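Copied from Swiss-Prot, the annotated features are:
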type	residues	note
MOD_RES	Lys4	N6,N6,N6-trimethyllysine
BINDING	Asn113, Thr163, Lys167, Arg285, His317, Ser369	substrate binding site
ACT_SITE	Lys165	active site, proton acceptor
MOD_RES	Lys191	N6-carboxylysine
BINDING	Lys191, Asp193, Glu194	Mg(2+) binding site
ACT_SITE	His284	active site, proton acceptor
Amino acid sequence: VGFKAGVKEYKLTYYTPEYETKDTDILAAFRVTPQPGVPPEEAGAAVAAESSTGTWTTVWTDGLTSLDRYKGRCYNIEPVPGEADQYICYVAYPLDLFEEGSVTNMFTSIVGNVFGFKALRALRLEDLRIPVAYVKTFQGPPHGIQVERDKLNKYGRPLLGCTIKPKLGLSAKNYGRACYECLRGGLDFTKDDENVNSQPFMRWRDRFLFCAEAIYKSQAETGEIKGHYLNATAGTCEEMMKRAIFARELGVPIVMHDYLTGGFTANTSLAHYCRDNGLLLHIHRAMHAVIDRQKNHGMHFRVLAKALRMSGGDHIHAGTVVGKLEGERDITLGFVDLLRDDFIEKDRSRGIYFTQDWVSLPGVIPVASGGIHVWHMPALTEIFGDDSVLQFGGGTLGHPWGNAPGAAANRVALEACVQARNEGRDLAAEGNTIIREASKWSPELAAACEVWKEIKFEFKAVDTLD
C-alpha cells in the first residue's frame, strides 16, 4: 500500500527546530502546560498538528497531499521563567491553511479542537503574528482614527463618553433624556450598555428614535458634533443589519456591536456595512474575560484585539489600568499600540511576542471604561494619550447635581489635563494639583471631586508578565 498504519509520535513530523519561518507564515506563541510525563517537544508538536493537518493516527489519505507544504510546525520552545511545567511553544502555519478575509476561519483552526486536547493540562494562545499577505485580505476598521476625528471635528484631546445607567430598566424616553443631559453637559458620546438590545421595557426602535432626538437637540445647543453608540447587536445577523440600517436612516454617526457574543462573522459583515455607509462602529468586548482572564489557559486579549482590528471596529474597550476592571499598565499599553499603530516591534517586556506590520490597515481607538472618575483624569490622559475614548458611566451619572453637571465636570477636568500637558507639566506627579486648581472655577468639578475623593479599586492584577 505504501503507507504504514498506526499511531506515531507527533514530534517526528511536527517538531522542526531547524525550520526558518517565512514572511507569509502566520506565527503563534502558545503557553503550553503538558500533562505529567509528556515532553515539551511532543506537546508543542501536538499543538501544531491538531491545529493544522494532523490527527491522532496515520491515515492513508495523507499520501494524496503534500504534508510538508501544509502542516503547522513547532519551530521553537522556551521554558516559562518561574513556572516549572510551562513552555512557550512557537508554531508556524502556512498561509494556505486559511481562508482570505475570515477571522472566523483563522480562529477555528488555531484555537479550535486543540484546546480540548488530553495530552495538555492547559493551553493559552499568547500572541499571533499576522503576515502582511494575510492582513491585506481584510478591510479592517470601517474608518480608523483620522477619519473619525475628521467626521467629528474634534482634535488634540481624548474623546469623552458615558455609558447610560441603570443599564437595564429605563423607558426609551427617559433613556433619551439621560443621553441628552450628558451630551448637553459636554460629553462627545453616550453609550448603550452591552446588554441593552431590545427588551420588553425598551424596544430598540423606540430607543434609537429618542437617542437620535437627544443627539440633534444637544448638537444644536452646543455647536459640537455628538453621538450615541446605538447597540445593533441582535439574535440574528439579519436583525442586526436591520438595526444598523435604521440608524443610518436616522443620520446618526455611530453604531455599536458586541463582537465576541455576536461573533466574528456578524461583526465583519457589520463593519463592511459601516464603511459603505459612513457609520462609525464601536465595539464592546463582553465575554472577553471568559477567554482571557486565566493565565495558563485560553487566549490573551492582545490576540482578540488583533482579531478585532482585522474584522473591523473603530473603537474597542481596552481596560483602564486605574479603574475597577483588570489590566496591568505595560500589558495594556502593549495591546493599545497593537490597536492604534501601523508597525509594532517585538517587545517581550510588554507581552508582544512578534513584530507586527499592519501595512496601513486603519487603527482602532482604545476605550477606557469601568470605575473611573475625575480624579483618574490626569492618569488616563497620560497613559492613553489623545487617540482614546475615556468613558465615565457612574463617574458622570453619579454626580450629586445630576447628569449635565457630571458631564461638565468631566469635560473641565479633561480640558485642564490636556492644557497642563501641553504646557509641559507632569501629569503623573501634579495630577491632583491640576484637578484641584481647575475645580476652583468649576463648581461642578468641585462637587465631583468631593464625592469621589476616597474611591479606589486596588487589587493585584491577575494578568502579569512572567
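Cβ atoms here come from the backbone N, Cα and C positions, even for glycine.
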To which of the recorded positions Lys4, Lys165, His284, Arg285, His317 does the lowest count of other Cβ atoms within 10 Å belong? Lys4
Name the residue among the recorded positions Lys167, Lys191 whose Cβ has the smallest number of other Cβ atoms within 10 Å. Lys167
To which of the binding-site residues Asn113, Thr163, Ser369 does the lowest count of other Cβ atoms within 10 Å belong? Asn113
Would you identify which of the binding-site residues Asp193, Glu194 has the most other C-beta atoms lying within 10 angstroms of its C-beta? Glu194
Could you name the residues, excluding Lys191, Asp193, Glu194, of the same chain that surround the Mg(2+) site, i.e. Cβ within 8 Å of the Cβ centre of those residues, in sequence order? Thr163, Ile164, Lys167, Asp192, Asn195, Val196, Tyr229, Asn231, Met256, His284
Are any of Lys191, Asp193, Glu194 (the recorded positions) within 10 Å of Arg285 (substrate binding site) when you go C-alpha to C-alpha, and if so which? Glu194
Looking only at C-alpha atoms, tell me how far Lys165 (active site, proton acceptor) is from Asp193 (Mg(2+) binding site), rounded to the nearest Å. 8
For the C-alpha pair, I'd like the distance in angstrom between Lys191 (N6-carboxylysine) and Thr163 (substrate binding site), rounded off. 5
For substrate, whose listed binding residues are Asn113, Thr163, Lys167, Arg285, His317, Ser369, the greatest C-alpha pairwise distance in Å: 37
Thr163 (substrate binding site) to Asp193 (Mg(2+) binding site): how many Å between their Cα atoms? 6
Taking Cα atoms as reference points, which of the recorded positions Lys4, Asp193, His284 is nearest to Lys167 (substrate binding site)? Asp193
Distance, His284 (active site, proton acceptor) to Glu194 (Mg(2+) binding site) (CA atoms, angstrom): 6
Find the shortest Cα-Cα separation between Asp193 (Mg(2+) binding site) and the recorded positions Lys4, Asn113, His284, His317, Ser369, and name the residue that gives it. His284
Any idea what the Cα distance is from His284 (active site, proton acceptor) over to Asn113 (substrate binding site), rounded to a whole Å? 26
